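Reviewing the structure listed below.
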Amino acid sequence: MYVKLQLDTNSFHIFCNNRASPNVGVSVSPLEKIERIRKLREQTLLETPTGDEKRFNLIHKQDREKPVLTKRVLEKNSDRDLRITKRGGAKVSSNKRFGAKVNGLNGNGSVSKLHNRCSTKWVNYGGCIPAILHALDTIKDLDEALKPWEDTLTNKERSIILKEQSSWQRAMEIFEWFKGKGCYELNVIHYNIMIRILGKQRQWSHLERLCDEMKNRNILPINSTYGTLIDVYTKGGLKGEALVWLEKMNEQGMEPDEVTMGIVVQMYKKTGEFQKAEEFFKRWSLGESLKHRGISKASSRQENETRVNLFLSSYTYNTLIDTYGKAGQLKEASETFAEMLRKGIVPTTVTFNTMIHICGNHGQLEEVALLMQKMEELRCPPDTRTYNILISIHAKHNDINMAASYFKRMKEDQLQPDLVSYRTLLYAFSIRHMVDDAEDLVSEMDEKGLEIDEYTQSALTRMYIEAGKLEKSWLWFMRFHLVGNMTSECYSANIDAYGEHGHVVEAEKVFRCCQDQNKLTVLEFNVMIKAYGLGKNYDKACVLFDSMESYGVVPDKCSYSSLIQILASADLPDKAKHYLKKMQEAGLVSDCIQYCAVVSSFVKLGRLEMAEELYKEMISFDVKPDVIVYGVLINAFADIGSVKKAITYVDAMKRAGLPGNTVIYNSLIKLYTKVGYLREAQETYKLLQSSEAGPDAYSSNCMIDLYSEQSMVKQAEDIFESMKRKADANEFTFAMMLCMYKRLGRFEEAIKIAKHMRDLGLLTDLLSFNNVLGLYALDGRFKEAVGTFREMVGADIQPDDCTFKSLGIVLVKCGISKQAIGKLEATRKKDPNSGLQAWLVALSTIVDVDNDDENDDTADV
């Protein structure tokens, strides 16, 4: 890891963590944690290594200097009456408050019995709250439900009442009732609660009216108001609205607090804008996120000083680490984690889970082990999520034994593996064909009554198929089919598993099982057509496609595309064209992919007229050809040397505004070489040289050939040297250079090329042997010529007329008459084997060949 985790664990108070943590790195709603975070910031106690206690008061300075608000307290008198006391004020009798008879209350207003619908949380509130909530839950009329407490409801009680409503309509009804009474103060907290309730339910029109009402009542929004608005709009998928509220907050000169900052970071993180999330946090941490013009430089400096010394909560650190992780910024995540440790913020299980996940995804398994060690040192026990991550990352990095050991260790730690645990390990076993281990895991799931999902079911079907256990794969499929709960998608996955491995019969059986369950959809037809294609059952594929509508299933774009591709690849372009026409009539042709497949098939069979006809049809339907279609046609006409036709498609491609690619450039160079168009070839070759891929060996060889024909030695040599540097020069390259030098009478350079070819092992082809042999014959190197011929025969390369023509030159130069050579040729043509031996004898008799000294410069005659 970029930042090694070295810290003194004695500097932390060890908290007792729950074993269950959220199933994602940072998933707790920010506003639901406001009170907990603020209390943590106010009360965090860290013990220094020396044993002294140090209290970090993490509240902003201006917040600390605010006067303490009066607080209502409930006191119990000796006569069991409850009195409300204001700190520093007189006691006020509250007997009247509890005068009415209400079910569920005893004489002093406490709860005696509540309806069983009353939650434990209600009871935990204490006082009269449980009774109020019970009354609201059971009595529809608000006047009747709230009558016993109508005159004495406090702000806090009204907040709790609104917050505990499960229905946004009921919450609105109660809120309006409070306003209608006219005797209750409705403060910003009440509005915040209603904003959250309405935002969660995406009641945007009601929420907007509420915001307008706040403005009309001069109820100024506070930090949490803006945070709530940003949060609910973000979760509602309205990022633009959320940003509007952030801007309004800035316009009012209100600096986001830590919780609101965290919400904004979460907003950017959820939309994948990780850089913006990072930038916002950095500006906030430096006091730069405030853009209101009325803020003075002095106050900005003061804010900066305050922010530098600010200690963030573990929740904020978790959010930042998770954001960096999702952005793939391992270094930044590690540095944030290290900063958290340096500042004495105790990491939670969520923190470690996030860091383990990030490091694991980046292949940093040593750091994963180090993090696990730190968890143990800090007595921060791993939860099920921790082990699930460990199983996943080790399986991903092909350490299946370690993944399995973590699964075992999870159970040893008294943690129950969940469905994610089983499915992750089961899938890892299945793709590795670990049949026994997978079956043991399935048995364990069956014992625990854990449902095997369809993804796992199809994965195990594939496992059995790929492991060669076809019978077991069928029994496994039937286990789920007979229950009758398989979906269409699952049937499709099983058909595909059999079809991809050539088991067409089994794929057909699954298809019929799906048919028996009346669950046939276009998915089953598509994968069955694909299976027939892979099995080369083209007629069956067509019959199945034609039968779709009789089952009430309409072919989709995938159905047509799959069948057309299958038929085109099978050299059946006429059949493919038939279904292409039907696809066009169905209005499902949106691009040229299917046309390209059929055009290519016709070209492959040499039926260029049909290819052109299909091209014209495509244009008539306003289907735009792409560069691949043009490339196929240009290459086809280049192969037959039809310059005019090829150039026609080049021009059409240019008019369409399509840039050329290396395939087209190579085709053009091939064409220009055949017809000797040097200038056009040079221009095209320059385009290839400027492309990212650069010219290939074929195009470069074509250019050498063109330059050789034009006796442009320097240009040919430049390309030759460039090809050698890139290790692209092949046998044909060397042969062409040899021929060029030979034709120009530059035998010394040609001989060097021949030697280089032999040294590199590039003398393997008949053409190369003939070129070298002809060179030696012309240059009077008879010994090398005969030696090359013997080498050629020894390599089982059949000589041709060109070979014997060069050998005839050798014999003539050695004094053999043309009549004698003519007899040798007649013998060869009458009986090739006897003729070949006669040539060898004649050459050996006339030329003294020393096989141990093939590098001599002279030949003995």
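The backbone N, Cα and C atoms fix where each Cβ goes, and this holds for glycine too.
Residues annotated as repeat 'PPR' in TrEMBL: 313-347 (among others).
Here TrEMBL flags 348-382 (among others) as repeat 'PPR'.
Annotation source TrEMBL lists repeat 'PPR' at 383-417 (among others). In the predicted model, the repeat 'PPR' (383-417) shows an average pLDDT of 93.
Taken from TrEMBL, the feature repeat 'PPR' applies to 418-452 (among others).
With DSSP states grouped into helix (H, G, I), strand (E, B) and coil, the domain 'Pentatricopeptide repeat-containing protein-mitochondrial' (499-618) comes out at 91 helix, 0 strand, 29 coil. According to TrEMBL, the domain 'Pentatricopeptide repeat-containing protein-mitochondrial' annotation covers 499-618.
Look at TrEMBL and you will find 521-555 (among others) tagged as repeat 'PPR'. Panel annotation: around the repeat 'PPR' (521-555), residues 488-489, 491-492, 495-496, 498-500, 502, 504, 507-508, 511, 514-515, 562-563, 565-567, 569-570, 572, 575, 579, 586 of the same chain, lying at least six beyond its termini, place a Cβ under 8 Å from a Cβ of the stretch.
According to TrEMBL, the repeat 'PPR' annotation covers 556-590 (among others).
Residues or ranges marked as repeat 'PPR' in TrEMBL: 591-625 (among others).
Residues or ranges marked as repeat 'PPR' by TrEMBL: 626-660 (among others).
Residues or ranges marked as repeat 'PPR' in TrEMBL: 661-695 (among others). In terms of DSSP secondary structure, the repeat 'PPR' (661-695) contains 27 helix, 0 strand, 8 coil.
Distant neighbours of the repeat 'PPR' (696-726): 662, 665-666, 669-670, 672-673, 676, 678, 681-682, 685, 688, 732-733, 736-737, 739-740, 743-744; these residues of the same chain sit at least 6 beyond its ends, with a Cβ under 8 Å from one of its Cβ atoms. Marked as repeat 'PPR' by TrEMBL: 696-726 (among others).
Per TrEMBL, the feature repeat 'PPR' maps to 730-764 (among others). Taking H, G and I as helix, E and B as strand and the rest as coil, DSSP gives the repeat 'PPR' (730-764) the counts 26 helix, 0 strand, 9 coil.
The repeat 'PPR' feature in TrEMBL is assigned to 765-799 (among others).
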Over the span of the repeat 'PPR' (348-382), count residues by DSSP class, listing helix, strand and coil in order.
26 helix, 0 strand, 9 coil
